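If you check Swiss-Prot, you get these features:
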type	residues	note
CARBOHYD	ASN58	N-linked glycosylation site
CARBOHYD	ASN66	N-linked glycosylation site
CARBOHYD	ASN74	N-linked glycosylation site
CARBOHYD	ASN114	N-linked glycosylation site
CARBOHYD	ASN122	N-linked glycosylation site
CARBOHYD	ASN145	N-linked glycosylation site
CARBOHYD	ASN176	N-linked glycosylation site
CARBOHYD	ASN231	N-linked glycosylation site
CARBOHYD	ASN336	N-linked glycosylation site
CARBOHYD	ASN340	N-linked glycosylation site
CARBOHYD	ASN500	N-linked glycosylation site
CARBOHYD	ASN516	N-linked glycosylation site
SIGNAL	1-22	signal peptide
Amino acid sequence: MRKFTLLMLLLIVISMSGIAGAAEVKNLNTSKTFTKIQEAIDDPSTTDGNIIIVGPGNYTENILVNKSLTLKSNGSAIINAVSSEKSTITIKANNVWIEGFIIIGGKNGIYMENVTGCTITNNTIQNAFVSGWEYYGGNGICLVNSTNNTITNNIIRNNTWNGINVCESKGNIIKNNTIMYSGGIGIYVWGFNKFEGNNIIENNRIINATYGGIYLFRPSNNKICRNYIANVSSGGGGMSGAICIDVSDYNIVKDNIGINCDGGLFTDGMIGNEITNNIFKNCKVAVSESTYGPASRNNKIYGNYFINYETAISDPKGELVDNIWNTTEGGNYWSNYTGNNTGDGTGNIPYYYDNKPLVVDLAIEDIAAKPSGIEVRVKNLGKADIKKIDPLTKLKIKISCDNDVYETFIDPLSAGESQIVRWDKIVPEGNHTIKAEIPYSAEGYLIGTNIRDADISNNVFSKIVQGFVQNKTFTITLTNLGKSTITIKYYISIYTNPVNGTKVSYRELTITLKPNETKTIELGKYPFKYAVSGTMIVKNPSRYRIPLNLRIKYEIEGLNPQMREISKYIAPRGEFRYIARYTGKEEGYADVW
């Protein structure tokens, strides 16, 4: 009985394990289900255009897709190659769609040969392995003689050789992929002979590759745009860079970023390429030309930013001279360049082959005293964009006036961009000298940065300005100190000065104050030397005399107020009339008379 019970428990456990680990593959068009992906593909009723949904689970198989199918998973289907001699997925049909898988191992993660119109999207592809060098092995994705395919939004990592290997394939779109830890190259486009590529490679992130970020070997007319490449080493061979163009012609290489690589731009025998608006930062060698192949010539290389390099240009044979390094507007930015601004935003002496190096030239353009404070206009007169050099840097600005000093920081400025620095110091009436400066080191570097200012003569600017008569708030506050309610008629005029000024305002007010009640009359904002003239009338309508106990406070914003108190009786059916004027004094108080 005990043995029978144990046997039943074992069968239940095995049954439950099978249910928990079961994976379902379903053809949505035929409604058939399978336990293997290859079974679903090979089924005779599976035809071109069918959609196969692969449920969560582990699938240990090498898959051959030889029909125009869509294979989709929600990101939880893991395909492990059963044989490392074959690719995990091999595509031999056109118009195949692969989406949402975790693809592990195999000779390649995905291998595509002689196909067109396929889409590989939203997959994680990792650990493709070969033990030695192979043309078509050890890659996350490998395309051979394939056209017009789309590879997007994949994570490709830890492969023996290349993240994406594109051999003699044309018109493909490779974008928005993240490629990490490639033993070879991040994206390698190559051929045994020169060929028309017309591939688009854009918005990819390539991190930690051994022999190059994006490497073009013999294809032409490709677009390499807006890619981010970091941490590319040379693998000991010396022929490496964030972007490598090797015997490859008429490509557009634009708006890419290469950071922390052994090389920024590697060239060899390239012709007619446009290499513009790229940023190469913290690379040991900014630009290097191979010593093995033919000379690179007739390439446009300008508008690029080469920042914090050890060697600007490595060109032992002088083969990079026959290229276009600048237009009439300017060339490239070189962080180690020490020339000065010629007045047009470029350097006054060439830098290697670049005759018009882009420079930074911060200048104090103007100083103004405004009613709200001091304004200083700072402008980058250079043609180098500081936002590209260091988007996180802060530029120090120092302003002084009347022994007061104000220091602040502004964000980086693009070429030709201005920024207003505001200091809320109110400049009083009269002449005052305001000095503004952009601090720099003895070598001409902007303080707190690694950015050299190419013209320090305009970093300091002094100007004598006329201060403003500041408008102040005038108020009168009335407090009834007596025990009876009183009514006050108040006639108030405001003049431009207390002697013979022009009347600028007139008001008639009726104010009722209960015992111990306080009310404030706000007269408006005027220069503190304006004068307020007020006539106050309090009437007694009764047959008896009444006491009047009133406190009056005269105030001008920022000055010491003055108080007056009235304590007297008003005759029966009589009235009390009180006339007073007040103005502001330079000494800082309100004067009442």
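The backbone N, Cα and C atoms fix where each Cβ goes, and this holds for glycine too.
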DSSP three-state assignment (helix, strand or coil) for ASN58 (N-linked glycosylation site): strand
Among ASN58, ASN122, which are glycosylation sites, the residue with the most C-beta atoms within 10 angstroms of its C-beta: ASN122
Spatial neighbours, same chain, of ASN500 (N-linked glycosylation site) - Cβ under 8 Å, 6+ residues apart: none
Integer Å distance between the CA atoms belonging to ASN516 (N-linked glycosylation site) and ASN58 (N-linked glycosylation site): 86
Distance [Cα-Cα, Å, rounded] between ASN114 (N-linked glycosylation site) and ASN145 (N-linked glycosylation site): 5
Fewest Cβ neighbours within 10 Å, where candidates are the glycosylation sites ASN74, ASN176, ASN231, ASN336, ASN516: ASN516
ASN176 (N-linked glycosylation site) and ASN231 (N-linked glycosylation site), distance between Cα atoms, whole Å: 18
Sequence-distant neighbours of ASN340 (N-linked glycosylation site) in its chain (C-beta under 8 A, six or more apart): GLY347, ASN348, VAL359, ALA454, ASP455
Helix, strand or coil at ASN66 (N-linked glycosylation site) [DSSP, three-state]: coil
Nonlocal residues around ASN66 (N-linked glycosylation site), in sequence order (Cβ under 8 Å, 6 or more apart): ILE41, LYS92, ALA93
DSSP state at ASN231 (N-linked glycosylation site), helix/strand/coil: strand
For ASN176 (N-linked glycosylation site), the one of ASN122, ASN145, ASN336, ASN516 that lies nearest, given that the glycosylation sites are compared by Cα: ASN122
Cβ neighbour count (within 10 Å, all chains shown) around ASN145 (N-linked glycosylation site): 15
Rounded Cα-Cα span from ASN122 (N-linked glycosylation site) to ASN145 (N-linked glycosylation site), Å: 23
Helix, strand or coil at ASN145 (N-linked glycosylation site) [DSSP, three-state]: coil
DSSP three-state assignment for ASN114 (N-linked glycosylation site): coil
